[in-house]
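Chemist: One structure, pasted below without further comment.
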């Protein structure tokens, strides 16, 4: 295989839903010297599109980043090999858009109602408008915040190292039927207590909240405090204490006047800290958690039972669901992302695929709102990577834009969110909320 005249037999196919992008699947011969651009020209010719469209190509699930000849050599294949070549619309690089300042490390991010919500190590939740202005701050946690999640235009939930979750009131609209009394905007509706160690992850589905903690447990809560059991902060004093002593205790107790609530259910099965938890996107009676005990657990949230455990070889630190593909993506302490089929009756093959490229812990994941095959990941190596899960290597790597970032000193990324209408939002040790392009990602 030496000359440019050498050809290889191949068949093009696509999984694009748009049928105008489907070619006839008859085999053709193409020069082995072709790279992505040349293959794109062939597909455009076959499609007879009015306007040329760039494509990416995958062979056996691997994105083609070289010539066909280099691919064949790398795989030890001859030019006699028949190649099935998948093509997809090319994805644009996630170009840098802007950065917002935060007062401390950014541990968590969410988006809702055209606002960005950040949880910070200074214990404050902040609401940013899309221009980067801080519109509101929520203070109450007594330690670093580890997770924040938008619930609705009137509700927000956060969790942190102080072992609690807090339900926040963001504004007064339509709340009179829910709340017993008017509470000022930006104030705590309820403190949710029950965990015995830092609460590091939360997810929300409709009126339910899941939390994961370093106490090895997962808890289920309601977004409406009336549904949860009241906790009396005086209860642990016992019945033989004078009224005066109780009054003194209440005065010294931080936030003593704020209502406190217990979880609807507590899930115990993990044997090490639980690092992340999510609801199933198509069935909110099912939850998934990942832990430093190397396992992925599936929970029946109705019966509070663990219905499936999948054991991997590494501590798991983050999780995201790709529902159309029946896959969970899990970030690990071993620097890679593993893909798993969470279904109880799925194949005995625990790990379906590994995505390799990060150089440190993979601590946050999110899915692309435009494409069921794409995810982004945040790592302590200082990068966010964009992946097509049909390939085991990253499509793009996003680095920190702040010039004050020193590699290995203050470049860890702790949080990433891929939000339609906003982009790929990330934050970490550099105290910046960085936004990269994440909308209209396909070339036209």
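Heads up, residue numbers simply count up from 1 along the chain you see.
Cβ atoms are placed via backbone N, Cα and C, with glycine included.
Heads up, here are the entries from Swiss-Prot:
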| type | residues | note |
| --- | --- | --- |
| REGION | 8-89 | region 'Ubiquitin-like (UBL) domain' |
| REPEAT | 99-138 | repeat 'WD 1' |
| REPEAT | 140-178 | repeat 'WD 2' |
| REPEAT | 194-231 | repeat 'WD 3' |
| REPEAT | 269-309 | repeat 'WD 4' |
| REPEAT | 311-350 | repeat 'WD 5' |
| REPEAT | 357-397 | repeat 'WD 6' |
| REPEAT | 408-444 | repeat 'WD 7' |
Chemist: Compare 311-350, 357-397, 408-444 by their Cβ pairs under 8 Å to the repeat 'WD 1' (99-138) and return the stretch that comes out on top.
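Modeler: Most contacts with the repeat 'WD 1' (99-138): 408-444.
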Chemist: State the non-local partners of the repeat 'WD 5' (311-350) in its own chain: residues 6+ outside its ends, Cβ under 8 Å from one of its Cβ atoms.
Modeler: 272, 275-278, 280-282, 288-296, 298, 356-367, 372-373, 375, 377, 379, 381, 387, 389
Chemist: Go ahead and report the DSSP secondary structure tallies for the repeat 'WD 6' (357-397): helix first, then strand, then coil.
Modeler: 0 helix, 20 strand, 21 coil
